Amino acid sequence: MGLVAVCSRSTSRSSYACIMVTMMLLLAYMPCEAHLSSTFYDKMCPNALNTIRTSIRTAVSSERRMAASLIRLHFHDCFVQGCDASILLDEAASTTSERNARLNLNSARGFNVIEAAKSQVESICPGVVSCADILAVAARDASVAVGGPTWTVKLGRRDSTSASLSQAETDLPRFTDGLEKIISLFDNKGSHTIGQAQCVTFRDRIYNNASDIDAGFASTRKRRCPTNAPDGDSNLAPLDLVTPNSFDNNYFKNLIQRKGLLESDQILFSGGSTDSIVSEYSKSPATFNSDFASAMVKMGDIDPLTGSSGVIRKLCNSIN
């Protein structure tokens with residue numbers, strides 16, 4: 001059984017897009033009760049998916065890193081109140097924005113890309129397609145755009161009229177979390193192979209001279225990550241040295257070589273229960289791709305608003 005997850009590690013100072021691979025073990029057994037359908041818009045807005053796909057391809061073509069940002073944005077949405085586009089809401093008198101949570105502030109990105117896709121969909125089918133569905137489709141299309149797997153996105157979600165800053169503070173994994181904490185977080189809900197991290201999130205790891213990090217790798221990373229904060233705090237480094245902007249299994253090969261950039265990366269291959277899964281994924285890209293796609297489908301089923309619940313926002317960042 002594969003262990004795939006979409007996990008984030010960030011602080012209020014970090015501005016990186018990372019799509020993490022941590023778990024599918026529990027997602028695989030999560031019951032699917034959402035009343036969603038891949039054909040939901042076939043009659044109401046038959047060109048919706050093509051319109052979203054074109055918009056996302058354009059955005060990723062302009063900035064390849066955006067693919068990781070969009071997958072992460074979908075993950076951060078689904079883990080707080082369910083897949084309801086609550087993360088897209090701006091701060092307002094009646095709404096406390098999840099964007100201000102420590103794990104999102106100056107870190108979560110891609111909001112403008114989703115807003116642009118929504119605008120294009122609204123121009124052909126006003127008031128029909130939800131921001132929550134656009135975000136789910138965007139994650140899939142972003143994966144494909146950088147050579148990752150595809151999957152069938154189930155549709156029919158509606159948008160929330162509220163957000164939860166407090167839940168965002170408690171339900172999103174941190175870059176320093178240990179394996180047990182990461183697993184417990186995913187146990188309540190249900191991968192990252194591309195993206196970048198800021199120096200502030202991995203400085204301690206590369207300077208602590210521990211046995212779980214390759215000395216040459218640490219030396220390379222020190223070049224753009226000075227010893228003393230706040231110097232270089234925002235300097236970026238790719239999670240994957242070999243293919244930083246492509247979706248593949250090199251991330252797992254790096255872990256076996258003790259070249260995980262973040263603490264919560266390397267913990268996946270550190271003599272624990274996930275070592276065998278990392279080994280399997282390092283040898284079989286097909287297995288990883290399949291498990292990742294399955295995990296994304298499962299994640300998209302987390303507590304969606306359907307039927308008469310929620311609304312269809314005209315603008316993704318506002319309930320008005």
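Placed from the backbone N, Cα and C atoms, the Cβ positions cover glycine too.
Just so you know, TrEMBL annotations never went through curation; they're auto-generated.
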Disulphide bridge to CYS316 as given by TrEMBL, partner from CYS131, CYS199, CYS225: CYS131
Disulfide-bonded cysteine for CYS225 as listed in TrEMBL, from CYS125, CYS199: CYS199
Of CYS45, CYS78, CYS225 (the disulfide-bonded residues), the residue whose Cβ has the fewest other Cβ atoms within 10 Å: CYS45
SER86 (Ca(2+) 1 binding site): nearby recorded positions from CYS45, ARG72, CYS78, CYS125, CYS131, CYS316, Cα cut-off 10 Å: CYS78, CYS131, CYS316
Rounded inter-Cα distance in Å - ASP77 (Ca(2+) 1 binding site), CYS316 (disulfide bond): 13
Candidate nearest GLU98 (Ca(2+) 1 binding site) in space, where candidates are the recorded positions CYS45, ARG72, CYS125 and distance is Cα-Cα: ARG72
Per-residue Cβ crowding (10 Å cut-off), top of recorded positions VAL80, CYS125, CYS199, CYS316: VAL80
Those disulfide-bonded residues, out of CYS78, CYS125, CYS199, that come within 10 angstroms of ASP84 (Ca(2+) 1 binding site) at the Cα: CYS78
